[in-house]
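Trainee: Sending over a structure as structure tokens; questions will come in a sec.
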Amino acid sequence: MTRETILSGDDDQLPPDRPGVSGFGGDGDEDLTTKEEDTALRPKRLEDMIGQREVYERIMIAVKAAQIRKEPLGHILLDGPPGLGKTTFAMCIPRALDVPLQIASGAALAAPKDLLPYLTNASEGSVLFIDEIHRLPKAVEEFMYPAMEDFRIDITLGEGVNARTLNMPLPPFTIIGATTRTGLLSAPLRDRFQVREHLEFYNQEELCEIVTRNAQKLKVEIDDDAAQKIAVCSRGTPRIANNRLRWVRDYATTKADGEATFAVAKAALDMLGVDPLGLDGQDRKYLETILRVFNGGPVGVEAIAHTLNMAPDTLTDEVEPFLLRAELVVRSPRGRKLTTAGYAHLGETPPEELGASA
Ligand SMILES: Nc1ncnc2c1ncn2[C@@H]1O[C@H](COP(=O)(O)OP(=O)(O)OP(=O)(O)O)[C@@H](O)[C@H]1O
Ligand SMILES: [Mg+2]
């Protein structure tokens, strides 16, 4: 069973990060500590969220308008790389509206019948959060169209000549979808979301604020330089900033007197294999594969994935977005290619023809 209803304002009952994938009865206690702490550090209210100002402002306007008009909020689609705050937004919005929230995962909704309990449980104005919405099978997606547009579901009973369609009205409710891949969503589904927001990587100032604020929550003393160091090394991603902060805290507890100074943070991050740009071993392996195996590219993502023995999806969803943003690689119709900055980061001289173009 991968369903959970959370009543808003019930702060202590926040669900784990990826309902439907783990933590909801599935295969048990995998990474529970991290998830509990992730929950502990997750902002509880929209006002507590740092960064993403434009997205925040637009969502606040929609939320306030819904409150003033006493109408349900329009459906919202959030997309962007992992760890940037999609789930956080999705959980804070119902709390701002003081309405119940249900959580589902696209991967766990294999057939329309899996979606039925969520739809029949939806009360007026309530929110249904569907994580990884790009993983919904076509049949479930189509089943959702009338639910989203006309607040109605069509259920077919019986088969062949005896088949009958039952129309069931639903109370007006809100769907919040989250995806790392808007490109995989069909146009009819995408168009049914009134608000579509793309989350971008965070700048250093925002990450520094997140680190400083969370250091207080984790009760670790940290100085400004150390917070800056962690911020620079977090690939523009709050989840990574939180993970690095926890690591620095552990390191400070065991190797120093508990205080996270710049020297302690630097030593801890060096030990993790994080480089000055914040790239980890996996990022560097990706860059080095393009450089050494494929002569700097262009090369297709599948070829890189096979060489690294990884799923191409992991590369496109998790590894590439930040490397593209940092302009270490470029995507061309012929594949991925190292840029001059990419060569420089690996301590190599770029080939001459790249000098001018990248
Ligand atoms: N704007 C923010 N301000 C402060 N902390 C944030 C913010 N956004 C995210 N975080 C922190 O980062 C963690 C990860 O965020 P979240 O789970 O919302 O990411 P996500 O976009 O849903 O990722 P995924 O695609 O992997 O599901 C949160 O637990 C929270 O602690
Ligand atoms: Mg999420």
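Using the three backbone atoms N, Cα and C, a Cβ is placed for every residue, glycine included.
All TrEMBL annotations are machine predictions without curation.
When I checked TrEMBL for this same protein, it listed these features:
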BINDING   Leu41, Arg42, Gly83, Lys86, Thr87, Thr88, Glu149, Asp150, Phe151, Arg192, Tyr202, Arg239  ATP binding site
BINDING   Thr87  Mg(2+) binding site
BINDING   Arg331, Arg336  DNA binding site
DOMAIN    72-203  domain 'AAA+ ATPase'
REGION    1-38  region 'Disordered'
REGION    203-273  region 'Small ATPAse domain (RuvB-S)'
REGION    276-358  region 'Head domain (RuvB-H)'
Trainee: Pop the Cα-Cα gap between Arg331 (DNA binding site) and Glu149 (ATP binding site) into the table, whole Å please.
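Mentor: Glu149 (ATP binding site) to Arg331 (DNA binding site), Cα-Cα distance: 37 Å.
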Trainee: At the Cα level, what's the spacing in Å between Thr87 (ATP binding site) and Arg331 (DNA binding site), rounded?
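Mentor: Thr87 (ATP binding site) to Arg331 (DNA binding site), Cα-Cα distance: 28 Å.
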Trainee: Which residue, out of the binding-site residues Arg331, Arg336, shows the minimum number of other Cβ atoms inside 10 Å of its Cβ in this structure?
Mentor: Arg331
Trainee: Between Arg331 (DNA binding site) and Tyr202 (ATP binding site), find the distance joining the two CA atoms and give it rounded to the nearest Å.
Mentor: 22
Trainee: Do you know which of the binding-site residues Leu41, Thr87, Glu149, Tyr202 end up with C-beta under 6 Å from ligand 1?
Mentor: Leu41, Thr87
Trainee: So, in DSSP terms, is Phe151 (ATP binding site) helix, strand, or coil?
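Mentor: Assignment for Phe151 (ATP binding site) reads coil.
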Trainee: Take the C-alpha atoms of Leu41 (ATP binding site) and Arg336 (DNA binding site) and report the distance between them in angstrom, rounded.
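Mentor: Taking the Cα atoms only, Leu41 (ATP binding site) lies 36 Å from Arg336 (DNA binding site).
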Trainee: For the binding-site residues Thr87, Phe151, Arg331, which sit with their CB under 6 angstroms from an atom of ligand 2?
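Mentor: List returned for ligand 2: Thr87.
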Trainee: What does DSSP call Tyr202 (ATP binding site) in the simple three-state scheme?
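Mentor: Tyr202 (ATP binding site) sits in coil per DSSP, no helix or strand.
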Trainee: Averaged across the region 'Small ATPAse domain (RuvB-S)' (203-273), what pLDDT does the model get? Just tell me the whole number, please.
Mentor: 96
Trainee: Would you mind pulling the longest C-alpha to C-alpha span across Leu41, Arg42, Gly83, Lys86, Thr87, Thr88, Glu149, Asp150, Phe151, Arg192, Tyr202, Arg239, which the record has binding ATP, in angstrom?
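Mentor: Max Cα-Cα spread across the ATP binders: 37 Å.
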Trainee: Looking at Cβ-Cβ distances, which residues of the chain lie under 8 angstroms from Phe151 (ATP binding site) while being 6 or more apart from it?
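Mentor: In sequence order, Pro169, Leu170, Pro171, Pro172, Phe173 meet the Cβ cut-off.
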Trainee: Are there residues of the same chain, six or more positions away from Gly83 (ATP binding site), whose CB falls under 8 angstroms from its CB, and which are they?
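Mentor: Long-range Cβ contacts: Thr237, Pro238, Arg239, Ile240.
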Trainee: Give me the DSSP three-state residue breakdown of the region 'Head domain (RuvB-H)' (276-358), ordered helix, strand, coil.
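Mentor: For the region 'Head domain (RuvB-H)' (276-358), the helix, strand and coil counts are 47 helix, 9 strand, 27 coil.
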